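Presented below is the structure to which this report refers.
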């Protein structure tokens with residue numbers, strides 16, 4: 001039997017039905033969506049400059065940009081509407097730091113989720129051995145939750161800057177020809193940002209998943225089991241109070257029976273004295 005078949009036969013895929021492994025699988029998929037929608041993006045916009053002198057016009061000015069969004073390095077040429085001269089311009093802004101940090105967090109989260117899922121399925125005994133595996137898993141989960149929050153927030157701000165820098169109205173303001181009322185400058189089409197918006201959504205969804213998974217990983221650690229060890233058992237407490245109440249009731253019942261026997265003793269003696277009275281009275285008669 002080959003090693004792959006041995007691993008498949010030894011693995012317990014029932015772990016995928018448990019919240020711990022199931023959430024790890026979702027984290028793996030959502031991390032793929034996060035870095036693919038951001039890291040694989042490429043877009044562009046098209047502008048037109050219609051000069052008074054039609055021979056100087058350029059009705060198709062294409063400006064392309066892509067990940068990692070170093071927009072200040074994106075250059076393009078536009079007409080000046082003053083003869084055949086053209087000016088070279090560049091977009092403004094640099095959102096590469098937030099975009100690259102977001103993609104890096106997504107890639108490492110994908111790798112760790114993949115490795116953790118394999119451990120849950122094939123190496124459960126080693127994972128729980130000496131409580132070392134759950135503790136490491138707990139710490140890494142907390143760290144990635146924080147990184148997802150920071151990375152998603154930073155990339156959301158970076159994406160906002162990208163949208164402003166690539167807005168056709170803002171780009172037209174950079175052209176000297178468009179500052180002259182006699183020339184007509186128009187935006188042919190704007191860049192499509194739907195995939196970048198999706199990346200931000202998946203970033204915050206990953207944060208929610210990782211933050212929610214902290215509890216399930218914490219339950220596997222020794223900290224949770226040691227805390228459960230010292231918690232009072234409500235059933236045991238109820239049973240002890242019930243036994244104590246029953247003991248008091250039995251004690252009260254036995255004490256009452258004993259007092260009744262003591263009270264019956266003198267009463268019977270007294271009753272005997274009364275019965276002997278008429279007998280002694282009838283003898284003289």
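A Cβ is built for glycine as well, from the same backbone N, Cα and C atoms used for every other residue.
Since this is a predicted model, take the numbers as computed values, not measurements.
Among the residue ranges 78-100, 101-123, 170-192, the one that TrEMBL annotates as transmembrane segment is 101-123. Per TrEMBL, the range carrying the annotation transmembrane segment out of 135-156, 223-244 is 135-156. If you average pLDDT over the domain 'MARVEL' (15-222) in this model, you get 91.
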